[in-house]
Amino acid sequence: MSLLQFSGLFVVWLLCTLFIATLTWFEFRRVRFNFNVFFSLLFLLTFFFGFPLTSVLVFRFDVGVAPPEILLQALLSAGCFYAVYYVTYKTRLRKRVADVPRRPLFTMNRVETNLTWVILMGVALVSVGIFFMHNGFLLFRLNSYSQIFSSEVSGVALKRFFYFFIPAMLVVYFLRQDSKAWLFFLVSTVAFGLLTYMIVGGTRANIIIAFAIFLFIGIIRGWISLWMLAAAGVLGIVGMFWLALKRYGMNVSGDEAFYTFLYLTRDTFSPWENLALLLQNYDNIDFQGLAPIVRDFYVFIPSWLWPGRPSMVLNTANYFTWEVLNNHSGLAISPTLIGSLVVMGGALFIPLGAIVVGLIIKWFDWLYELGNREPNRYKAAILHSFCFGAIFNMIVLAREGLDSFVSRVVFFIVVFGACLMIAKLLYWLFESAGLIHKRTKSSLRTQVEG
């Protein structure tokens, strides 16, 4: 890449970054937080944060990258995607009418809400316990990270339930919403994330998500400022780099350490070059249509329920890894959101996907606002826990693609909804047995005086 070519790419990158950052800033000034702000920051991180890192790798370490015209296509496709997404998100689908009382879909009380977070936490802890009994601490047993996807590890499906510890702790926080509950959320979820990091053998997702939710709650409540958020972001990048070194068993120093930091940080936070690789091999892609969305559900079907279930699932990540990169190491490589759309239907699917994503984020913001307006604090805690708990799925959307997002968000809704229904059923059983006694003002006053 020549300096002239880099200059052209830099101008396009700068314009796209300023365009998205400006719209995000205006939205932040207006509402302080919603899921459009979160997705916009996530989109910036995924598709634009990596460009400076790639540039340093090219000019400082002479690392090979895709041709400049392909990198240009990747930047422009990301910028155009966001423009279509933003217009879709801002388009009002129906006329705004005055709020009229409606019969709520469901209600929550104190006991049901506490039962819900206890069940969610129980799902996570029991899953971790069973996985640990089968495998022990994989971080200290396995020689390479890719081995966690091999047949040596049993009970892999249980890992999908670990994440429900975070929604459980979110319910606890939203019931109190003070600084002590906020700090308790951070300590409990990060401690759990470190535990799963050691047990699973290097998976950092629970730590990243817990820390991100903690920061956004702090921004919403005004407990942290933007410069503190930036400082925490830098600390998070360094922390993730250190965990990556431990995961891969690397011991580096000097120029090698700087080089390793650049490419690991790029691959962890901003795999935008994967989109460029897909575009470079565009003519060789056999478009998969909507089949990857259906196939991605296969991993959630137990083999005892479907004995003939395919052992290798050809979703967009695996198609990119196996067919485009010819990589059969056992580790799927993220195609990114736009890359998954390219695999499914080529360039035509990029604007269509942007419209779909705009509607998805609009729905989450509608649910979030519903929680903000809800007078029942127990129901509001459940709604907010569901919305913030789905942040993991939005990260999957940006990094892994639309097919992975759909299967995971459906799984999240089913498990979260099942825990909610079990809590309501248990409350009904306890109430029928006479074990539930409603609090009265006189009893509360007696407790306070005592």
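Backbone N, Cα and C define each Cβ position, glycine as well.
According to Swiss-Prot, the protein has these features:
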TRANSMEM  6-26  transmembrane segment
TRANSMEM  37-57  transmembrane segment
TRANSMEM  63-83  transmembrane segment
TRANSMEM  118-138  transmembrane segment
TRANSMEM  155-175  transmembrane segment
TRANSMEM  181-201  transmembrane segment
TRANSMEM  207-227  transmembrane segment
TRANSMEM  228-248  transmembrane segment
TRANSMEM  341-361  transmembrane segment
TRANSMEM  378-398  transmembrane segment
TRANSMEM  410-430  transmembrane segment
Region pair the transmembrane segment (63-83) / the transmembrane segment (181-201), three or more CB pairs under 8 Å: no
Paired segments the transmembrane segment (378-398) and the transmembrane segment (207-227) in contact, 3+ CB pairs under 8 A: yes
Contacting positions for the transmembrane segment (118-138) when only residues 6+ beyond its ends and CB under 8 Å are counted: 147-148, 153-155, 158-159, 161-165, 167-169, 171, 192, 195-196, 198-202, 415-416, 419, 422-423
